[in-house]
Amino acid sequence: MSQTRGRYDFCIGLVLAMSSSIFIGGSFILKKKGLLRLARKGSMRAGQGGHAYLKEWLWWAGLLSMGAGEVANFAAYAFAPATLVTPLGALSVLVSAILSSFFLNEKLNLHGKIGCLLSILGSTVMVIHAPQEEEVETLNEMSQKLGDPGFVVFATLVVIVSLILIFVVGPRHGQTNILVYITICSVIGALSVSCVKGLGIATKELFAGQPVLKHPLSWILLLSLIVCVSTQINYLNRALDIFNTSIVTPIYYVIFTTSVLTCSAILFKEWQHMAADDIIGTFSGFLTIIVGIFLLHAFKDVNFTLANLPLSLRKDAANGTLLSTYDCFNHDEESSPCLGEMQSTENLSARRNGSLSAF
C-alpha cells in the first residue's frame, strides 16, 4: 500500500513540476515584453533601479504566470523530492526559448537549439539517477534538519555572499556582467526551496488536523520565503531588462539547480545513500546540461543554421568526379579546376553569408 502511495505521489509531483515549468517559462516572455514596452515609453528601466514596471499590465500578467508556476512548484515539492522537481526546471528553458523566438524575435541559432536539447536530455538523466532524500514528515523533524551545523554554515555563507553581491559587486558590475544578478537570484533560491519544502510539510500537517499554526517554524519559514522571493523577483527583473531572455533563462537554471542540489544534499544527507552508478549518472546529467548552456551562451551571436553548413565535397560538372574543397585549395592558385569551381559557386558563397569566403 505504501509503495502504491509513493508511486501516486511521484506522478502527482511530476505533473505539477512540468506544469510549473510551462507557467514559469511563459512568465519570462510576458515580463520581458512589459519591460520592453516601458523602455519604448522612456520610463526608467528596471536595470537602472526603476519600478515603473509595477504599472505595466503585461508585467503583472507575467508575475501571475510565475505565481501560478511557483504554486505548482510549491505543491510538487510537497509530493516529490527536490532532486526530482528542481532538474525539471530545464523545461522552462525550452518553453522560454521557443516562445521568445515567436514573440520577442530572439532567434535561436543551431547551437542554441542543440543546447536546449542537451539541457533536456541532461535533466532526464538527472531525474533517473537523482538521489532520494530522507523522509521528513513533520515540522519537528524539519526543525532538527534546519538546526544541523552543516546547514547553518551553508545558510550563513549564502547570506554573506548575497549581501556582498547586492551591495558591493552589483552596483559596479551588474550592468555589464550577466552572472551578478543571476547569482543573487540563484543562491537565495536555494534557501527559498528549503522554505517551500518546510511549508509543504506544514500544509500536509494542517490538512491532517495538526496545530501547525502554533508552531513558530511555520511563521519563520513563511517570512523567510517572502523575503527570498521578493529579492529574487527584483534582481531577476534587472537581469531580464539588461540581457537577452534566451541567455538569462538557461544560465539562471544552471546556477539555481546547482545551489538547490547542494542545499538539498546538505539538508537531507542524500548522497550518503546513493550507489556509485547513480552518483556518476547525476554528475553526467548535470555536466550535459552545462554543455548545453555553454552552447546557448557562447555562440548566441553566431548566425549559424543548417543552411550554413560547409560542403566538403563538390561535384565537378565537367567529368562528374568529386572534388574536395581541401584538395582544391592545395592546388596551384592558377589551377583551372579550382578557378572554375570557385567561379561557379561565387553566388552560392554570397548566399551562404560568407561561409566559403572565410577560406
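For all residues, glycine too, the Cβ spot is worked out from N, Cα and C.
Those TrEMBL annotations? Automatic predictions, nothing curated.
The transmembrane segment feature in TrEMBL is assigned to 12-30, 57-79, 85-104, 111-130, 150-171, 178-199, 219-236, 248-267, 279-299.
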Contacting positions for the transmembrane segment (85-104) when only residues 6+ beyond its ends and CB under 8 Å are counted: 13-14, 17-18, 20-22, 24-26, 28-29, 32-33, 36, 69, 73, 76-77, 112, 116, 119-120, 122-123, 126-127, 130, 193, 245-246, 249-250, 253, 256-257, 260-261, 264, 285, 289, 296
Interface check, the transmembrane segment (279-299) with the transmembrane segment (57-79), three or more C-beta pairs under 8 A: no
Touch test for the transmembrane segment (57-79) and the transmembrane segment (248-267), at least 3 Cβ pairs under 8 Å: no
Among the ranges 12-30, 150-171, 248-267, the one whose Cβ pairs under 8 Å to the transmembrane segment (111-130) are most numerous: 248-267
Within-chain partners of the transmembrane segment (150-171) [C-beta distance under 8 Å, separation at least 6 from its ends]: 180-181, 183-184, 187-188, 190-191, 231, 235, 259, 262-263, 266-267
Within-chain partners of the transmembrane segment (248-267) [C-beta distance under 8 Å, separation at least 6 from its ends]: 25, 28, 81-83, 86-87, 89-90, 92-93, 96-97, 115-116, 119, 131, 133, 145-146, 148, 150-151, 154, 158, 178-179, 182-183, 185-187, 189-191, 193-194, 236, 239-240, 286, 289-290, 292-293, 296-297
